[in-house]
Amino acid sequence: MTQLPHVRVDHMPQIRVLPVLPLDDAVVLPGMVVSLDMSDEQTRAAVDAARTGGSAGSSDARAPGISSRAAGRPAEVLLVPRVGGELAEVATVGVIEQVGRLPRGGSAAVVRGTARAQVGGVRPAPAGTDTTGTGTADATSGAGSGAGVQWVDAVVLDDSAATPFGALDDPAGTRAGSPADEAARVDKLAKEYRALVTDLLRQRGAWQVVDSVSAITDPGTLADTAGYSSYLTTAQKIELLGTPAVGTRLERLLTWTKEHLAEQDVAETIRRDVQEGMDRQQREFLLRRQLEAVRKELSELDGSGGGADGASGSEPADYRARVEAADLPEKVRAAALKEVDKLERTSDSSPEGGWIRTWLDTVLDLPWNVRAEDSYDIIAARAVLDADHAGLDDVKDRIIEHLAVRRRRADAGLGVVGGRRGGAVLALAGPPGVGKTSLGESIARAMGRSFVRVALGGVRDEAEIRGHRRTYVGALPGRIVRAIREAGSMNPVVLLDEVDKLGADYRGDPTAALLEVLDPEQNHTFRDHYLEVELDLSDVLFLATANVLEAIPAPLLDRMELIRLDGYTEDEKVVIARDHLLHRQLDRAGLAEGDVSVGDDALHALAGEYTREAGVRDLERSIARLLRKVVAQVALGAAALPVTIDAGDLTGYLGRPRHTPESAERTALPGVATGLAVTGAGGDVLFVEASLADAETGGGGITLTGQLGDVMKESAQIALSYLRSHGVELELPVGDLADRGVHVHVPAGAVPKDGPSAGVTMTTALASLLSGRPVRADVAMTGEVSLTGRVLPIGGVKQKLLAAHRAGLTTVLLPQRNGPDLDDVPAPVRDALTVHLVTDVREVLDLALEPAFDADHGGRSPGRAGHSPTALAA
């Protein structure tokens with residue numbers, strides 16, 4: 001090892017005796033933390049020696065002494081770079097911070113560089129130091145280098161006080177300037193070096209290291225971070241280690257870093273040139289492939305004589321030609337051409353190309369400017385509607401009005417006003433089987449338009465209406481767009497079937513999506529999520545069908561024109577069965593028109609006694625069953641065609657009637673009244689039964705059964721309170737209610753019921769119970785009752801009167817304020833019923849209860865049943 005060179009210092013140097021830990025082709029600068037693998041014998045021996053023997057030092061170089069570990073100094077080693085087997089003259093004093101085992105086995109030591117040092121002369125190992133690398137102290141080895149561990153003098157160099165050895169730090173002292181000037185120069189060099197290092201680290205994406213470097217304020221510490229730099233050679237790092245002067249270190253680092261950045265710029269320029277060349281070659285390859293495809297298509301066209309099948313239909317050029325030739329709105333054409341441009345830039349193997357082609361096919365398939373010519377022959381349109389459906393005059397009149405208005409607009413040249421055309425949104429509400437769905441086809445045929453049915457029952461995904469966004473795999477347009485594409489025109493009749501069966505879940509609310517579709521003020525600019533272009537729906541005739549209006553949100557119902565289909569009369573059912581149902585079922589049974597003849601009396605019996613519904617589905621099923629019986633008897637030889645069926649023959653084919661008038665039987669006893677109600681299947685007859693508990697065994701209060709809702713329970717309470725407060729006026733023994741409980745029951749018990757219209761029926765039943773006068777068997781009633789006895793209006797009058805007519809009742813009591821609703825009731829039903837319009841409960845009781853006779857006239861007294869009902873005029 002070379003002798004210690006001369007170093008000019010301002011005070012006495014600090015000399016320590018430390019074990020040498022050689023580093024092959026590596027340099028540790030002060031401030032660096034390194035992990036040393038102790039599988040190397042020299043490394044392990046040096047670490048063990050430092051930990052067992054410590055270091056020796058003295059502030060006076062002329063009288064050095066050895067201090068023990070007990071003095072508090074941490075275990076230190078001298079990290080000496082070794083290049084080509086030779087130890088360098090400069091080294092780093094390192095503190096052993098931790099020794100431990102590695103996860104994969106073996107051990108390692110964590111050493112932190114603390115100061116620069118010059119390597120001095122060889123010293124004997126301290127007493128008690130392990131010099132063999134085995135970790136066992138040998139008390140007899142007090143001199144020499146030991147077996148594997150060398151101890152030397154380490155002259156610690158102070159960056160702030162020392163002048164580097166040799167020519168590295170101007171040994172002649174020619175550099176002028178005060179300490180303040182030197183500090184300013186060092187700060188300037190540090191800022192410049194920090195900027196270069198930060199730029200280099202940002203290029204590499206080492207953002208965490210950038211933050212660490214930016215946090216260093218000491219110039220010397222900043223310069224020593226160069227020990228981590230991979231672009232510096234070992235010789236350059238040794239030169240930095242031997243340069244205590246901070247300014248000189250920073251100058252050299254600036255020179256080396258700038259040279260490295262220049263090399264990086266040249267390498268980046270070369271890489272960019274190579275990449276541009278590759279891109280140019282790839283672009284040229286794609287263009288040549290497209291040119292070959294165009295030439296191939298041209299040659300095929302020439303060979304086929306210009307036939308339409310020559311084009312592939314899947315190439316971007318073909319899509320561009322189709323878009324330019326199609327009759328598209330300007331905004332749609334611009335969007336389609338933009339997608340064609342994307343398709344031309346897309347690789348054939350990219351899945352995006354398939355998505356673009358699907359979108360273009362959808363756009364090109366839509367009939368953007370195709371509209372069916374409306375049939376303005378109003379008389380012919382009405383004839384079509386009458387031929388397909390009996391009754392339903394409200395709907396037919398509305399369609400005729402729509403056609404008349406469109407013809408008027410066409411004559412006046414008002415096809416489009418404010419961007420909107422003359423479409424309509426109608427809601428057909430009514431019980432099942434009244435012909436709501438089939439009516440849509442008849443309307444389309446009468447108007448000369450195409451018809452599309454969109455089934456919405458059970459739909460819970462908002463995307464089913466507005467479409468899926470194209471970012472999703474397998475995206476499709478919504479049902480409205482698909483219906484327009486299927487119809488082939490922009491003004492079809494679209495039937496939104498079962499709109500009240502829509503549901504909502506985590507995927508959205510389809511009814512909210514329908515708000516834009518069915519709003520005449522918005523649907524001329526409808527935007528499907530898949531198409532993302534405006535679609536004009538203002539010329540579409542939307543027909544929405546529903547059974548229960550309460551299930552439709554109010555904002556959606558507000559956007560539709562409501563038309564109620566309350567059901568058919570018995571005569572209308574007979575006409576429908578004779579003109580439509582019978583012919584259809586004859587075909588399904590394989591019978592000719594003259595093989596089976598069903599008389600009108602038999603059809604009346606089927607409609608009134610074997611079925612009792614608002615629609616005609618059960619009636620059609622009964623006809624089908626009847627014809628099957630006939631076919632079976634013919635096959636068995638029990639009958640021969642042709643067969644004529646009258647009302648008396650039905651029992652032999654279908655058994656006894658299922659529905660017979662029961663009002664007379666139920667109301668024969670006091671306490672039972674007949675009411676009218678509206679259900680999801682139309683109108684129905686409702687019976688209210690009341691009874692009084694025995695005075696000795698029954699408790700007080702009122703008991704309500706029959707799955708009654710809150711409103712219906714309140715109606716019973718109001719009825720009882722009214723009778724208690726007006727019992728004297730009505731000549732009713734209300735004193736019996738003091739200690740006798742009242743029970744009100746509304747069959748059938750398994751069916752939930754609610755609503756205010758049963759109030760008058762409950763009042764009549766309780767009055768009948770208290771007076772002992774039965775309710776007339778031919779009377780039905782409906783209306784809400786107040787505490788003062790006023791009869792208030794209710795809804796569903798048409799359906800309730802149809803139900804009363806079906807049940808064979810002849811007298812109906814209605815609130816006075818429901819008089820205008822009688823205009824909606826079919827004339828045959830109005831003529832068959834005696835309708836009394838009442839305003840007070842007293843009128844109801846006078847009309848509904850059987851008259852009471854005293855004993856002097858030989859009749860019954862109050863509290864007993866007996867005499868037959870007497871008809872009363874309104």
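The backbone N, Cα and C atoms fix where each Cβ goes, glycine too.
Not measured: the values here are computed from a predicted model.
Quick look at what Swiss-Prot lists:
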type	residues	note
DOMAIN	18-261	domain 'Lon N-terminal'
REGION	47-68	region 'Disordered'
REGION	120-144	region 'Disordered'
COMPBIAS	124-142	compositional bias 'Low complexity'
REGION	298-318	region 'Disordered'
BINDING	Gly430, Pro431, Pro432, Gly433, Val434, Gly435, Lys436, Thr437	ATP binding site
DOMAIN	667-851	domain 'Lon proteolytic'
ACT_SITE	Ser757	active site
ACT_SITE	Lys800	active site
REGION	853-874	region 'Disordered'
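Annotation note: Gly430 (ATP binding site) sits in a coil segment as assigned by DSSP. When other Cβ atoms within 10 Å of the Cβ of Ser757 (active site) are tallied across all protein chains shown, the result is 27.
Gly435 (ATP binding site) and Lys800 (active site) have their C-alpha atoms 19 Å apart, to the nearest angstrom.
Excluding Gly430, Pro431, Pro432, Gly433, Val434, Gly435, Lys436, Thr437 themselves, the residues of that chain whose CB lies within 8 A of the CB mean position for the ATP site are, in sequence, Thr545, Asn547, Leu565, Ala614, Gly615. Ranking the binding-site residues Pro431, Pro432, Gly433 by other CB atoms within 10 A of the CB puts Pro432 at the bottom.
Secondary structure from DSSP puts Lys800 (active site) in a helix. Rounded to the nearest whole angstrom, the C-alpha distance between Val434 (ATP binding site) and Ser757 (active site) is 24.
Taking Cβ-Cβ distances under 8 Å and a sequence gap of 6 or more within the same chain, the neighbours of Gly430 (ATP binding site) are Lys436, Asn547, Arg564, Leu565, Asp566, Gly567, Ala614, Gly682.
The binding-site residues shown are Pro431, Pro432, Gly433; of these, the one with its CA atom nearest the CA of Lys800 (active site) is Pro431. For the recorded positions Lys436, Lys800, the ranking by surrounding Cβ atoms (within 10 Å, all protein chains) places Lys800 first. Cα-Cα distance from Ser757 (active site) to Pro431 (ATP binding site): 19 Å (rounded to the nearest whole number). Around Thr437 (ATP binding site), the same-chain residues six or more apart in sequence whose CB sits under 8 Å from its CB are Arg453, Leu495, Asp497, Thr545, listed in sequence order. Every protein chain considered, the tally of other Cβ atoms within 10 Å of the Cβ of Val434 (ATP binding site) stands at 27.
Its Cβ taken as reference, Gly435 (ATP binding site) is surrounded by 24 other Cβ atoms within 10 Å in the chains shown. In the predicted model, residues of the domain 'Lon N-terminal' (18-261) average a pLDDT of 75.
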